[in-house]
Structure formats: C-alpha cells, structure tokens
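Per TrEMBL, these features apply:
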{"type": "DOMAIN", "residues": "37-297", "note": "domain 'Sugar phosphate transporter'"}
{"type": "TRANSMEM", "residues": "31-52", "note": "transmembrane segment"}
{"type": "TRANSMEM", "residues": "58-80", "note": "transmembrane segment"}
{"type": "TRANSMEM", "residues": "100-119", "note": "transmembrane segment"}
{"type": "TRANSMEM", "residues": "152-171", "note": "transmembrane segment"}
{"type": "TRANSMEM", "residues": "177-197", "note": "transmembrane segment"}
{"type": "TRANSMEM", "residues": "209-229", "note": "transmembrane segment"}
{"type": "TRANSMEM", "residues": "241-260", "note": "transmembrane segment"}
{"type": "TRANSMEM", "residues": "272-294", "note": "transmembrane segment"}
C-alpha cells in the first residue's frame with residue numbers, strides 16, 4: 001500500500017467514526033476553539049431568530065413579504081460588504097449556480113414551511129418536532145455522507161427525543177391539523193436541505209459569504225415572482241404600520257444575515273447530525289424567551305415533553 005492509499009484509508013476511518021466519538025459540545029479543547037466559537041455564534045442567532053420571526057408575523061401577517069425582505073437585505077449586505085472590502089464573496093458563475101440550485105430548493109422550501117408553521121402553531125410545537133430530526137439525519141449521514149451509524153447509546157437518546165415529540169402531540173394545547181401538514185412538509189425539506197448543503201460545503205469550493213450570497217439571491221427570485229400571487233399585497237395595504245412592527249422586521253433582517261453566515265460556518269465545521277443537535281439544544285433558550293415575552297406558548301405538559 002503506497003502513501004496515497006494509506007492516507008485515503010486513514011481519512012475514511014476518521015469519517016466513519018461513530019457520532020458519539022465526536023468531541024463533547026462542552027469540551028472546547030477537543031472540539032477546537034474555533035468550532036466552539038462558531039457553535040456559540042450559531043446558537044445565539046438560532047435562539048433568537050425563531051421568536052423574532054414569530055413576533056414579526058404577529059405584527060405583519062405577511063410571511064412571504066417578511067421572507068423576501070430578509071433575503072434581499074442579506075444580498076445587499078453581502079454586496080456592500082464585498083465592495084467595501086469588509087468581506088469576500090464569490091462572483092456569480094453559471095457552474096456554481098447550477099450546483100447551488102438544489103441548495104436553494106431546500107433552503108427556500110424549509111424557510112417557507114418554517115414560517116407557515118410559525119403562522120399556524122406556537123414555537124414549542126415547531127421545536128419539539130425539530131427535536132426528532134437527528135433520528136432521520138443520523139441515517140442520512142450514514143447512507144450519503146459516509147459516517148458511521150450511531151452507537152446503541154446514541155440510538156436510545158434519539159428514540160427518547162422521538163418519544164418526547166409524540167408525547168407533545170398528545171398534550172398540544174394549540175393543536176391545528178393544518179399546522180401539522182406544514183410541519184410534515186418542513187420535515188421533508190429540512191432533512192434534504194441539511195444533508196445536501198453539508199455535501200455542497202464538502203465538495204464545492206466557495207467562501208462562506210459566497211454561500212450566503214448565492215443562497216439568498218437565488219431564493220429571492222422565485223419569492224419575488226410568487227409574492228404578488230399570495231394576496232399579501234391587500235394585507236400590507238390595510239396594515240397599520242407601527243414602530244414595534246417595523247423594529248421587529250428590521251431586527252429579523254439583521255438576524256437573518258447573521259443566521260445565514262453562522263449556519264454555513266457550522267455546516268462546514270461539523271456533521272449534518274451534530275449541526276442539527278446543536279440547533280435543538282439552543283432552542284431551549286428560544287422556549288425560555290418565548291415563555292417570558294408573551295402567552296403564545298405551549299401548556300405546562302407540552303413544555304414538559306419538550307424538555308425531554
């Protein structure tokens with residue numbers, strides 16, 4: 001066996017390590033200081049983004065308009081930052097755009113389903129269902145991304161997550177069947193998006209801000225086409241704009257830029273399953289914030305199953 005084959009075998013052995021063999025999220029020395037900082041950065045953005053979007057929809061009941069605004073602001077921030085020399089973003093290239101098209105499908109589908117869930121259900125409903133995604137993603141990691149299946153201990157933990165989700169459905173204080181249709185659609189898009197974006201980060205050379213630019217620009221085009229057909233124009237014309245509503249929309253745009261940036265940094269640094277688990281853990285902060293700021297949250301029993 002020559003050096004090239006030996007190195008290739010060592011790389012494959014590392015990639016096939018079980019998920020629980022990865023460093024603890026609390027052990028920043030083993031995890032790597034840079035990765036630990038990225039996790040904190042992502043957790044901060046993710047914890048706030050869900051609640052801010054829910055509040056924004058409360059003041060401005062036009063989810064497609066809110067999404068369009070967030071995407072366009074992200075594109076403008078990248079373009080202005082690149083021109084000013086504050087960041088580096090890839091220029092539009094046909095080859096990269098064609099490879100990135102499926103990323104946009106997953107990204108846009110996840111965003112749209114996400115915001116429709118928030119329009120029809122409370123935050124805890126969304127967080128609880130998200131908590132069961134690592135069970136599916138751990139299999140996807142094995143089948144498509146070359147990672148080992150979880151150990152018995154990992155499987156037990158993932159099954160407990162699923163049991164918590166099932167228990168939540170039984171005691172959901174705000175049960176709406178159409179909200180669960182949107183949740184199922186979100187589940188499909190989220191699984192595809194998480195796995196495919198990890199594949200793209202591993203195989204297509206791009207700067208992180210370039211990924212943010214491509215994703216937001218390409219996703220904004222179909223949304224702008226669809227926006228006039230949603231009927232939200234009438235909603236916006238009849239809306240009484242308030243300072244809290246405008247402020248919340250502006251804050252959601254700022255967090256949208258940071259969330260895109262943090263998301264691609266973390267996707268590149270860790271596995272698809274670990275990326276999702278980090279998102280679930282930081283959502284505990286989301287629930288605390290949501291319970292504190294208003295009464296649009298789950299019952300005590302529902303929150304109990306969520307904490308499982």
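Keep in mind that glycine also has a Cβ here, set from the backbone N, Cα and C atoms.
Where the annotation comes from TrEMBL, it is an automatic prediction and has not been curated.
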Among the ranges 31-52, 58-80, 209-229, the one whose Cβ pairs under 8 Å to the transmembrane segment (241-260) are most numerous: 58-80
Across the domain 'Sugar phosphate transporter' (37-297), average pLDDT on the 0 to 100 scale: 82
Recorded stretch that, among 31-52, 100-119, 152-171, 177-197, 209-229, has the most CB pairs under 8 Å to the transmembrane segment (58-80): 209-229
The transmembrane segment (100-119) versus listed stretches 31-52, 152-171, 177-197, 209-229: most Cβ pairs under 8 Å: 177-197
